[in-house]
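Undergrad: Pasting the relevant annotations from TrEMBL:
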COMPBIAS  289-298  compositional bias 'Basic and acidic residues'
REGION    282-301  region 'Disordered'
TRANSMEM  28-49  transmembrane segment
TRANSMEM  69-91  transmembrane segment
TRANSMEM  98-124  transmembrane segment
TRANSMEM  144-164  transmembrane segment
TRANSMEM  185-208  transmembrane segment
TRANSMEM  214-234  transmembrane segment
TRANSMEM  339-359  transmembrane segment
TRANSMEM  379-399  transmembrane segment
TRANSMEM  420-437  transmembrane segment
TRANSMEM  457-484  transmembrane segment
TRANSMEM  504-526  transmembrane segment
TRANSMEM  546-565  transmembrane segment
Amino acid sequence: MDLEENEGRRWEGYVNWKNMPALRGRHGGMLAASFVLVVEILENLAYLANASNLVMYMRDYMHFSPSKSANNVTNFMGTSFLLALLGGFLSDAFFTTYLIYLISALIHFFGLMMLTIQACVHSLKPPKCEKVKECEEVNGGKAWMLFGGLYLVALGVGGIKGSLPAHGAEQFDETTLDGRKQISTFFNYFVFCLSCGALIAVTFVVWVEDNKGWEWGFAISTITIFLSIPLFLAGSPTYRNKIPSGSPLTTIFKVLVAASLNSCIYRNSSNAVVNMASSPYSNAQQSSTKEKEEENAKETAAPTDTLKFLNSAVENKPIFSSLECSVEQVEDVKIVLKVLPIFACTIMLNCCLAQLSTFSVEQAATMNTKLGSLKVPPASLPIFPVLFIIIIAPIYDHIIIPFARKVTKTENGITHLQRIGMGLVLSIVAMAVAAIVEIKRKRVATNSSLIDDTKEALPITFFWIGIQYLFLGSADLFTLAGLLEFFFTEAPIRMRSLATSLSWASLAIGYYLSSVIVSIVNSVTGNSSHKPWLSGSNINHFHLDRFYWLMCVLSGLNFLHYLFWAIKYKYRVTGTTTSGGAE
């Protein structure tokens, strides 16, 4: 009797931390997700404490030029987020999100240990600058240790970002209305907790780095990521872990190859009905595996008429038996291809966000950063958007969304694509504001005869830079939470960790694109008798205002591109929204 009762209580496709069937009422739910949210505070604190101030560490302690420091930081952060794809892929294909998080947190810990040791031991750092000669850039074994530690951190962060959000969202039952609402709430509070970690990082830890030394800053991050591991393990009895279902990339590749070959060889569909009848959905000889597959088919999209060229993967008999595809697999690949244009349109916004970690910090370093008797470190500027997110996220979830649901009579209130679109608009405004503020900053530098002096603070408060931080932080709130939920809910169940990782991959490509744009701008503007816009050691000689106007124009064009795809997009049918995203 107990066995039959447990059979009915099982979460199909999920196991507990002991690899036994997960049970309803015992595994999953908000309690399990709460452990993930608290862990995210610690994880982001450990990462952002150094990333937000890293450009200053590169410039002042490793003696890179401002532009090279900026590129090193964007490359590091870009790699961190791009590796989320690896974490998501491994979670879906071979391991669970539970295991990938633990492995990644340990890698993150060892990377921070290397950086802490280097910061503590003087012989592992380049010599201090002497006034009579140019600073010596870090090189040789010291550079290997620096970048080795950084990219171990990047690998760990990538695995965490690729597994932790999906692990938390998987604790809820999306087949119920309450479960879908809880998923939405989870992603809002995931960004909220991410911001809480960031708040501690850019205030307390950055202050420690600037006033007590980088060895203390790295040590705090190392201890923090270490503490996150037992905290995550404490939630083990409550987690439900999705069983890996094989490589999603193999499925995508198989469907694309089968569709391409079949469409070339078969020019008619005379045997389409016969072949579709022999798919795993309608085969008369059902195995227990196929029965489970039919049960899980309820969680995937029904066959559609979109991207019809892929239908040939099931309509015609494949040349090789290994290329035989099911209707479900074809529909899964269609969903992936449909979300890619949305993913591509968010890259430009993240390119704008990259400026918060590079040029904006260096701008603030030239300004008056005193707040009364307290001197605020330039890297603490992200406190503006972080505080805004911490305040607005609960209001958005508990007031704005319920009100929007009543007004629109829809389950979501505000669709994922509308939310992402708001973020894109705010990024355009942010770049325009950044250009105007830079014009004002340089005018003050010129009028104060400090254009050639970067040591003395300009008589202009750093709060002016805070305005662009506020707009970009707001854009990040709307876009990141919207993207995470959009990719998780739209993706096939077998590809959710990988799909959720696209949110971080967009951020990564945005950081890389920022480096590419800086290089292109310098190359194009430096071909004449004029100096490149963004080169040299004195940021007052840069033409950052022109660069920000360029980013504003590119962001505007990107938004028009986004509107085209958002209006055309149709949500997959899961009992939720099915209308076009931009409506």
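Positions of Cβ are set from backbone N, Cα and C atoms, glycine also.
Please treat TrEMBL annotations as automatic predictions, because they have not gone through curation.
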Undergrad: Any chance you could find the range in 69-91, 144-164, 185-208, 214-234 with the most Cβ pairs under 8 Å to the transmembrane segment (339-359)?
TA: 69-91
Undergrad: Name the range, of those listed as 144-164, 214-234, 379-399, 420-437, 457-484, that has the largest tally of Cβ pairs under 8 Å with the transmembrane segment (185-208).
TA: 379-399
Undergrad: Under 8 angstroms for C-beta pairs, at least 3 of them, ignoring pairs fewer than 6 apart in sequence. Is the transmembrane segment (420-437) in contact with the transmembrane segment (379-399) by that rule?
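TA: No; fewer than 3 Cβ pairs under 8 Å.
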Undergrad: Please work out which recorded stretch in 28-49, 214-234, 457-484 has the most C-beta pairs separated by under 8 angstroms from the transmembrane segment (98-124)?
TA: 214-234
Undergrad: By Cβ distance under 8 Å, which residues at least 6 away from the ends of the transmembrane segment (214-234) in the same chain are close to it?
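TA: Cβ under 8 Å, 6 or more out: 35-36, 38-39, 42-43, 45-47, 49-50, 53, 57, 61, 101-102, 105-106, 108-109, 112-113, 115-116, 119-120, 156, 205-206, 208.
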Undergrad: Against which stretches of its own chain does the transmembrane segment (144-164) lie, if we need a Cβ under 8 Å and a gap of at least six residues from its ends?
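TA: Sequence-remote neighbours of the transmembrane segment (144-164) are 36, 39-40, 43, 47, 50, 62, 76, 79-91, 97-98, 100-101, 103-115, 118, 124, 138, 225, 497-498, 500-501, 504.
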